[in-house]
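Step one of this worksheet: look at the structure below.
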Amino acid sequence: MSNPVFLALDIPRLEAGKALVDKVKAHIGGVKLGMEFFYAHGHHGVHEIAHCGLPVFLDLKLHDIPNTVAAAMQSIHVLEPAIVTVHASGGRAMMEDAKAAAGENTKVVGVTMLTSLDERDLERTGVDGSPHDHVMRLAELAENAGLDGIVCSGQEVGAVHKQWKQGFFVVPGLRPAGSASGDQKRVVTPRQARDDGASVLVIGRPISKADDPEQAARDIEATL
């Protein structure tokens, strides 16, 4: 895609979200709608954002038994999302069924490790090894399950890209140089992630919380 930036629209009010997208749409490539937005506004909200004319990424992080996840994927066919997320830790069968149930033009990507987590967090959940090792294991599982790609931090995307040449890689938790990292622990700049093989760059607060969101989006676009 010509512009890999997807705006993370984590705004509870629909009209405010639409207004923000209208302001910045010339400088982004799509809009990511997460659980907060989807649970608040449902199918109607997705349709309203889609009217802005940009691809919609539904970041629903589906994680359940295979049959339930497949049914959930079928229920969002009508929304025609460009991308949908499932948790790679849900296992191969779940990912296979999710991909089989997805629309023909929808990319299904597996969430590997949230960018708010680090090695200590992994240890507390009983996962051995480094974040890098954990992401690489789940990336291999997602590839073998037939997914289009994965979600990973910018710190891992370079290594995953070398392992999975044809993969589609979504990188969240990005911060322009000089920005505060907030609750993100494994961050890089949008330019670095793109250079390392990211297909989609998910950027939220550096644009949505900026004094001038349009200028912030324009500045990020100029670095790519």
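Yeah, the Cβs are placed from backbone N, Cα and C, and that goes for glycine too.
These features come from Swiss-Prot:
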BINDING   D10, K32, 59-68, T115, R175, Q184, 204-205  substrate binding site
ACT_SITE  K61  active site, proton donor
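When the Cα atoms are compared, K61 (active site, proton donor) and G204 (substrate binding site) turn out to be 17 Å apart. Secondary structure at L60 (substrate binding site), as computed by DSSP, is strand.
Under 8 Å, Cβ to Cβ, and six or more positions away along its own chain, G204 (substrate binding site) finds L7, A8, L9, D10, K32. Cβ neighbours within 10 Å of L60 (substrate binding site), excluding its own Cβ and spanning all shown chains: 21.
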